[in-house]
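For reference, Swiss-Prot has these:
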DOMAIN    681-710  domain '4Fe-4S ferredoxin-type 1'
BINDING   Cys690, Cys693, Cys696, Cys756  [4Fe-4S] cluster 1 binding site
BINDING   Cys700, Cys746, Cys749, Cys752  [4Fe-4S] cluster 2 binding site
DOMAIN    737-766  domain '4Fe-4S ferredoxin-type 2'
BINDING   Cys820, Cys823, Cys848, Cys1079  [4Fe-4S] cluster 3 binding site
Amino acid sequence: MSLPTYATLDGNEAVARVAYLLSEVIAIYPITPSSPMGEWSDAWAAEHRPNLWGTVPLVVEMQSEGGAAGTVHGALQSGALTTTFTASQGLMLMLPNMHKIAGELTAMVLHVAARSLAAQGLSIFGDHSDVMAARNTGFAMLSSNSVQEAHDFALIATATSFATRIPGLHFFDGFRTSHEEQKIELLPQEVLRGLIKDEDVLAHRGRALTPDRPKLRGTAQNPDVYFQARETVNPFYASYPNVLEQVMEQFGQLTGRHYRPYEYCGHPEAERVIVLMGSGAETAQETVDFLTAQGEKVGLLKVRLYRPFAGDRLVNALPKTVQKIAVLDRCKEPGSIGEPLYQDVLTAFFEAGMMPKIIGGRYGLSSKEFTPAMVKGVLDHLNQTNPKNHFTVGINDDLSHTSIDYDPSFSTEADSVVRAIFYGLGSDGTVGANKNSIKIIGEDTDNYAQGYFVYDSKKSGSVTVSHLRFGPNPILSTYLISQANFVACHQWEFLEQFEVLEPAVDGGVFLVNSPYGPEEIWREFPRKVQQEIIDKNLKVYTINANDVARDAGMGRRTNTVMQTCFFALAGVLPREEAIAKIKQSVQKTYGKKGQEIVEMNIKAVDSTLAHLYEVSVPETVSDDAPAMRPVVPDNAPVFVREVLGKIMARQGDDLPVSALPCDGTYPTATTQWEKRNVGHEIPVWDPDVCVQCGKCVIVCPHAVIRGKVYEEAELANAPVSFKFTNAKDHDWQGSKFTIQVAPEDCTGCGICVDVCPAKNKSQPRLRAINMAPQLPLREQERENWDFFLDLPNPDRLSLNLNKISHQQMQEPLFEFSGACAGCGETPYLKLVSQLFGDRMLVANATGCSSIYGGNLPTTPWAQNAEGRGPAWSNSLFEDNAEFGLGFRVAIDKQTEFAGELLKTFAGELGDSLVSEILNNAQTTEADIFEQRQLVEQVKQRLQNLETPQAQMFLSVADYLVKKSVWIIGGDGWAYDIGYGGLDHVLASGRNVNILVMDTEVYSNTGGQASKATPRAAVAKFAAGGKPSPKKDLGLMAMTYGNVYVASIAMGAKNEQSIKAFMEAEAYPGVSLIIAYSHCIAHGINMTTAMNHQKELVDSGRWLLYRYNPLLADEGKNPLQLDMGSPKVAIDKTVYSENRFAMLTRSQPEEAKRLMKLAQGDVNTRWAMYEYLAKRSLGGEINGNNHGVSPSPEVIAKSV
């Protein structure tokens, strides 16, 4: 046996390493938190890494988890060694195939990063809701508790499945295990060969379907035999626990790590025992070890085998002295007599004829913390004479009173473990740097190391908290650090937003990235921060990491700067050695992105320590120390102050059950209260240079730049610094004009500056919008913004929507989202909310737009002064088109019903009023405004009628005002998982609008390839470059002939985007808008992304067109191209995107081959669209359509 090899990696990689080696076919589909297992598999296959039998596994991405399960089923039936990975809703889509796979006794292992199921809300975080929904499929279910166990059980589960023919579901906790970095011992291939028997593999192959030995499976059976046939599998399941134990024993002999299906630890004469499975067992073991050392007779039973459930083995694993048992489930089954594990344990003891006191409890739903204090709380609760059954721990249930008490100050943290916490921003690289730090510590010292990273669901601007532990012994602490020796705050703004120093221990180190120097920083610390520093005797260090990063050319990414500071202060390695290791990790991490990126990071490392200063700490707090600002102002609504404000302050765990809505319904228009201050620079308007075109407003991803025209009298109480000028548009003569920025909501992306066409003639590098540091401007611009909001909005009926400058005066009803800085999707959502938001219903597919659009604590969908605004909901990823169609048919029916009821009141209202309402076509803004007035008039006249008929009418009266239904999602939904439903809706003819924000990848799950991904682009799940062309969704929709279709790119042509939205809404049927949306996953400069869209259109890589079937009624061609012929080859534009450029570095010949094919795709597509657009309805070529000659041959020659 070879010497042990150690590596520091997370649970996903630990599992994928084994699953890859033991597979020939791997069917994948992305879903958080399991996606990295598929990503690793795809990357290794792209590197031609062989499996255990010397062949490279075939990795295939499917359109959904249902598709992946079907592919797995087919591959298994054909004799291949096959696996897949999933979680949550993805597992739900696999259930039908799982029943089949198990029923056919087909060996395989499905690896699941266990995650919550969407119920009253979606959650990407971990519990056992998903796997418990699979417990009746016939799959064996094995639970691993740590990264090491996940690595080991990937092998044990597979070996047992081959030996028994029973497929296995191997699960581990999402995020807590899947994303936790741990130093583990890797399994050498000889151990895998020792456990995987050749005879089992050959038997599996021998059962394959083949025409050389034809047989039939998947029959339809009748009542005469189905029952008997179902019972034939009993011997296989009965033998499984014995076989598993044999495999575990052999594994222990080979590795020295010993497991049991039901493993007890604790006092040999324990009286109180906890039973549970998953990562919580590690915390429970740490706590039980601590308490038994103090003489307490307590214990823990780790359940590793959940299905088949071997009750006799579970009972026999416990000491005979046990009197009370608490069974903990990490899921909730509403309406059940108890959660699954509880019921199984209860049944096991009943059948054994032994009945200690057994109670059940719930813990840890959606990655809710499970700490030693809670474990002790459960054990203490068992000490009561009549302990509460069906309890919860870790929450305050003041509604049903299920929660039990515990002492949160109880701790089992060892003094030998160094504990560090880092507060960062999703876009600053903190998490990535800390993952590298953990690897350096784990692999270059004798320490064991653990890293865990807490994210919220916002995009790249989210708060991240990294928890690092390292010490001389294995680390079982699967919970967040509450007592930190080292605290680093990588964003100055956090100090005034939440309690950064609360976990710091006495005498600890505090490192802060600050815009202030060492001499001035103390007086800038908030009063509470100063007091904590003094009270806890903290050593304080500061660096202006933003300046260091900017000077090195790294922009906002301060990660390597702060990482260097950490190693310099922590002393875990000699300083020079640490810096050398950091540089090695930089090369490894950024090498694929180009040597320039590597050199920038190394430059930052080299210049860091010269800018790191220790801060002298006074003995008392400064008299003029600033106070921490309130999380939300006093004038915010009560629910915002008392509930959402707590979540914003990172105190959501303290909210009681009664504070939260029972059905998941939340108010809109709440992002206005969350001032994140994440933009270090904000745009500053120069009215003397501005041409008042509106471009900066229309492209702003977060609706923080707005324009208004108003009468001069409105300026009477304007702040001194409030800027304005005379309105230039002849429609607004005599009015004043202002462009104003919301300073605390701006993310500092700089897109507005890049698109601004107005140049300062005296200083050519300046424009009408220029970036400036936010901090000095914050107070002044906050006052200006508040004043600006109080200015009246222009009358919507007076605006000419054919002009951008006019249209952008419409109030956005989508504002301040948590999307990435420079997001390419949100400008479209803002635009549609401006145009139709006051009458709009949104069905939003799961994806980026559902997360920044509907993630707690605040939501960007807003309301106007009348309280109207978009009504929004998310169902699932796969059913959004059908979900939105449900909106439409319900509205149509209720509108019809309202009309029927209205007619019955003709006597009270008069025929004229009834007729006026029913005959209003509502095709214009003015029509809709008039209809609202008429309907309101009717409601006023009928509201005092207390008849059932009147009350019924009033409940549906508002449906007489036209409602605009928008079905919104990304390309992963529209091109892949939801395409079947989308196609059905396209064929329905119903009046719905569909907006596909095409980022050409699965942006929400981290940038995996979809069928929208263009050929030659590198993405996750397409590590070797996507070999196939992009799906043409628009052309497919056009084949119906009665669907309005538009392909738009706001950065290429603003006016065409507006026109497409207006036409889509006006079209009396299905409309589909496909909107190019740049994304950070493209590896581009987000500041220049809008202008890059124009370059893509100029190259023909993206087409601008509108297909309006109504034109056919006029004898015109429905297809209108809104662009000229391609002007440049695509390789002159796409290589500014790293997703294309990186393949030229890793596989230059393959990159060249794929790029040539990609250019051919563009040429062919353009030629076809141009041909279609030039045809008249009679079939002849219309030579006067555009007057532009095609040039695909010229383009082809340049490639």
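Along the chain as shown, the residues are counted starting at 1.
Glycine residues also receive a Cβ, built from the backbone N, Cα and C atoms like all the rest.
Note that the structure is predicted; figures quoted are calculated from it, not measured.
Nonlocal intrachain contacts for the domain '4Fe-4S ferredoxin-type 2' (737-766), taken as residues 6+ away from its ends with a CB within less than 8 angstroms of a stretch CB, comprise 461, 671, 675-687, 689-693, 695-697, 699-702, 704-710, 722-728, 774, 777-778, 781-782, 784-785, 788, 791, 815-816, 820-822, 1051, 1086-1091. Within 10 Å of Cys696 ([4Fe-4S] cluster 1 binding site), counting CA to CA, the binding-site residues Cys746, Cys752, Cys820, Cys823, Cys848 contribute Cys752.
Across the binding-site residues listed here (Cys752, Cys823), the residue whose Cβ sits among the most other Cβ atoms within 10 Å is Cys823. In terms of DSSP helix, strand and coil, the domain '4Fe-4S ferredoxin-type 1' (681-710) has 5 helix, 11 strand, 14 coil.
There are 23 other CB atoms within 10 A of the CB of Cys756 ([4Fe-4S] cluster 1 binding site), with all protein chains counted. Closest in space to Cys756 ([4Fe-4S] cluster 1 binding site), of the binding-site residues given as Cys746, Cys749, Cys820, Cys848, is Cys749, taking the CA atom of each residue. Compute the center of the Cβ atoms of Cys700, Cys746, Cys749, Cys752, which mark the site for [4Fe-4S] cluster 2; besides them, the chain residues with Cβ within 8 Å of that center are Ile682, Pro683, Cys696, Val699, Pro701, His702, Val704, Ile705, Val741, Thr747, Gly748, Gly750, Ile751, Gly822.
Once Cβ contacts within 10 Å are tallied over all protein chains shown, the binding-site residues Cys693, Cys749 are led by Cys749. Spacing of Cys752 ([4Fe-4S] cluster 2 binding site) relative to Cys823 ([4Fe-4S] cluster 3 binding site) is 12 Å (Cα to Cα, whole number). Each of the binding-site residues Cys690, Cys696, Cys700, Cys746, Cys820 was scored by how many other Cβ atoms lie within 10 Å of its Cβ, and the smallest score goes to Cys690. Among the binding-site residues Cys690, Cys693, Cys746, Cys749, the ones whose Cα is located within 10 Å of the Cα of Cys820 ([4Fe-4S] cluster 3 binding site) are Cys749. Take the Cα of Cys749 ([4Fe-4S] cluster 2 binding site) and measure to each of the binding-site residues Cys690, Cys693, Cys823: the nearest one is Cys823. Straight-line distance linking the Cα atoms of Cys848 ([4Fe-4S] cluster 3 binding site) and Cys700 ([4Fe-4S] cluster 2 binding site), rounded to a whole number, equals 17 Å. Within 8 Å of the centroid defined by the CB atoms of Cys690, Cys693, Cys696, Cys756, the record's [4Fe-4S] cluster 1 site, lie the Cβ atoms of Val691, Gln692, Gly694, Lys695, Ile739, Cys752, Val755, Pro757, Ala758, Arg767, Ala768, Ile769, excluding the listed residues themselves. Neighbour counts were taken at the CB atom with a 10 A radius for the binding-site residues Cys848, Cys1079; the maximum falls on Cys848. Averaged over the domain '4Fe-4S ferredoxin-type 1' (681-710), the predicted model has a pLDDT of 98.
DSSP assigns Cys820 ([4Fe-4S] cluster 3 binding site) to coil, not to a helix or a strand.
Using a 10 Å Cα-Cα cut-off around Cys823 ([4Fe-4S] cluster 3 binding site), the binding-site residues Cys690, Cys693, Cys700 reduce to Cys700. Secondary structure of the domain '4Fe-4S ferredoxin-type 2' (737-766) per DSSP, as helix, strand and coil residue counts: 5 helix, 6 strand, 19 coil. Reported as a whole number, the C-alpha separation between Cys690 ([4Fe-4S] cluster 1 binding site) and Cys746 ([4Fe-4S] cluster 2 binding site) equals 20 Å.
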